[in-house]
2 protein chains.
Amino acid sequence: MRPSFRIDATDGTARAGTLTLRHGLVPTPVFMPVATRGMVRLVPPATLHELGVSLLLANTYHLALRPGADVVAALGGLSAFTGFGGPMLTDSGGFQVMSLGGTVDDDGVTFRSTYDGRRVRLTPEGVVELEERFGVDIAMVLDVCTMLPAERAALQVAMVRTTEWARRAAAARRDEAQALFGIVQGGSEEDLRREHASQIAEIGFDGYGIGGLAVGESAPATLAAVAAALERLPADRPRYLMGVGDPYLIAHAVELGVDAFDCVAPTRLARHGIALTSQGRLALRPSRWLGSDEPVDPRCGCSTCRTVPRGLVAHLLRVDAHSAGALLSVHNLSFQLGLLRDLRAAIRAGTLAGLVRALDEVWAPSWRSARTEAAPDR
Amino acid sequence: MRPSFRIDATDGTARAGTLTLRHGLVPTPVFMPVATRGMVRLVPPATLHELGVSLLLANTYHLALRPGADVVAALGGLSAFTGFGGPMLTDSGGFQVMSLGGTVDDDGVTFRSTYDGRRVRLTPEGVVELEERFGVDIAMVLDVCTMLPAERAALQVAMVRTTEWARRAAAARRDEAQALFGIVQGGSEEDLRREHASQIAEIGFDGYGIGGLAVGESAPATLAAVAAALERLPADRPRYLMGVGDPYLIAHAVELGVDAFDCVAPTRLARHGIALTSQGRLALRPSRWLGSDEPVDPRCGCSTCRTVPRGLVAHLLRVDAHSAGALLSVHNLSFQLGLLRDLRAAIRAGTLAGLVRALDEVWAPSWRSARTEAAPDR
């Protein structure tokens, strides 16, 4: 069975669709929680099911180092290994290699393992092979990700390599049941995004990642770059804005026509005592919440909001932070999945513009104070 | 409404019963997970419900220091504060004060807070008042707990104080809807246990704790001391063996007529990578499990065993130990609750002796190698 994508409804340039993948169906637009090392931190896979997670991201870099693709393959692939069972996507490891200080040459990247300092080599072909052994539903090609701000020349070098690597990845592919997504780079230069999107689209992939964004640039710059890339990406293929979890960016990117997102922010913020709520971000560490019997978000129906008061969360943040993180991770993921559910429903109902305006009232201000927290920090 | 206890079935000296408490019914014999600081570490209260937890223990010492009884009372009491909602028991704090180095005088104990070094005083009356403000279903009196081995003279001094404090606690009680349990001390000297049980029973409580056991003595000594105490405790009241979680001790204590247990062992062992299984303890850290697609316990139906392979747990123990702890805590609690469910069913069916023999085949050997891990280490 080949993976496929069907658009079920549109509202302006936004689309609601269905990804048909090896391990199941994924309604889009979709948010992927991040199971970096095989598990969303502190959130068992059974809880992901209860939350309605339909697509889960894991990290090629980390899993290739520990426990290794052989182990994962022997246990039946990543969906079985993680206990999630449903559709999974792996990023290529490129982002980690860049952010952790790898050396790029024309053929691939070399880096030292964060676990044992061992010298490791990733090539476009090697990454496809790893991801095929992981048996994931969606594999991302190895790309060259550039931190922003960056010189145009540096962005262009990265684009040339990324395009060449994308060709090699496409040629190396063996497993036709696994979707392979190309990745568009180009920084926040709109013309470069257009140019690179054309190059990657020309190679032909099952879907397209838009990478290297939300890494330090402003929100308008992010969205302009996304819009530029989308102009040159085929409308009948899924488009995935990588590493973006901010509700403001998600809402506007969905409006532009993006179909998928991932970010560690919901669970990372949770572990730092920050809740995502219908009123915006809520820091639960301040002592005033110790006396509060309100739920974390009175408008949320997740198991955390159904059971515990803010007072318990504030208390646990002081005396047992991991337990507080477990409670808030459930809530934040529930919030994020609810956001995407609302966006899908609005597209189907033709009411997306109104929903985006309402979300702006809550989430646009966060860009003034908290921009860095949306960085793709897996 | 006054708390009550009904015996529904007996098998020899063992009993299956029902505790009727302010926040609900508790089938006995019962195992209480330990929510030391208000949450069972890494296990949200919603998960406790799914596991069928009917009675939850929290720690007076820790909660009185942080966040304080005022905060808990203002939020509606401990069942509301913790999000558990169901029946709760608080220990008296006496064990913590002793184990953390408090000073005992005739009137009470003085210690320094583990949080800020502040000098704190606990008296029998003060503890009852704290527990009434917590609004728990079962309050334990303040006792003097003696580490074993101990001189008879030291045990006798502790008994005299514990009896006097029990009288003062009974006199200080205001809330008749809250069950108040006395505590029997006496170390592993059977005659002292008999004598002290008589003293505490004479004061008259809603139920009786058997304290100061599983603190270093052998399993036969524990059970002999339990049997001696039970001889002099009223048969129509619930009897609670404090701080004991070892399946071997639980099975034999149930056979003797004990109705309730608590221990941090299931969740503490989980955080150290040890699973309780139908085949005994299983250490999941060894690298041979990295390649295993078996569930943690093939005979278990908990969400961890239904979803993840041993390979994932072994991997996470290396790279994300808290997530592994979350998975194994669910399993170990499920195992422990299942053990008590099996014991209740066997009492009702009149087949307890056979079940205890079967459990002995798995669990008796653990006393040769792992005795200390059953210590009441909350």
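Cβ atoms here come from the backbone N, Cα and C positions, even for glycine.
Those TrEMBL annotations? Automatic predictions, nothing curated.
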### Message
Need one residue: from A:His252, A:His272, A:His331, the one TrEMBL lists with A:Cys300, A:Cys302, A:Cys305 for Zn(2+).
### Response
A:His331
### substrate site partner of A:Asp91, A:Ser92, A:Gly93, A:Gly94, A:Phe95, A:Gln185, A:Gly212 (as recorded in TrEMBL), chosen from A:Asp137, A:Asp143, A:Asp246, A:Asp259
A:Asp143
### Query
Which stretch does TrEMBL mark as region 'RNA binding', out of A:5-11, A:33-39, A:243-249?
A:243-249
### Query
Counting other CB atoms within 10 A of each CB, which of the binding-site residues A:Cys300, A:Cys305 comes out lowest?
A:Cys300
### Task
List the other residues in this chain whose Cβ sits within 8 Å of the Cβ centroid of the substrate site residues A:Asp91, A:Ser92, A:Gly93, A:Gly94, A:Phe95, A:Asp143, A:Gln185, A:Gly212, in sequence order.
A:Val97, A:Met98, A:Met140, A:Leu142, A:Val144, A:Cys145, A:Ile183, A:Gly209, A:Gly211, A:Met242
### Query
Relative to the Cα of A:Asp91 (active site, proton acceptor), which of the binding-site residues A:Gly212, A:Cys305, A:His331 have a Cα no more than 10 Å away?
none
### Task
List, in sequence order, the residues of the same chain other than A:Cys300, A:Cys302, A:Cys305, A:His331 whose Cβ lies within 8 Å of the centroid of the Cβ atoms of the recorded Zn(2+) site.
A:Pro295, A:Val296, A:Asp297, A:Gly301, A:Ser303, A:Thr304, A:Arg306, A:Val330, A:Ser334, A:Phe335
#### Entry: Which listed residue (A:Gly93, A:Gly94, A:Gly212) has most other Cβ within 10 Å, given these are binding-site residues
A:Gly212
#### Entry: the region 'RNA binding' (A:267-271): DSSP-derived helix, strand, coil residue counts
5 helix, 0 strand, 0 coil
### Inter-residue C-alpha distance, A:Gly93 (substrate binding site) and A:Asp262 (active site, nucleophile) (nearest angstrom)
14
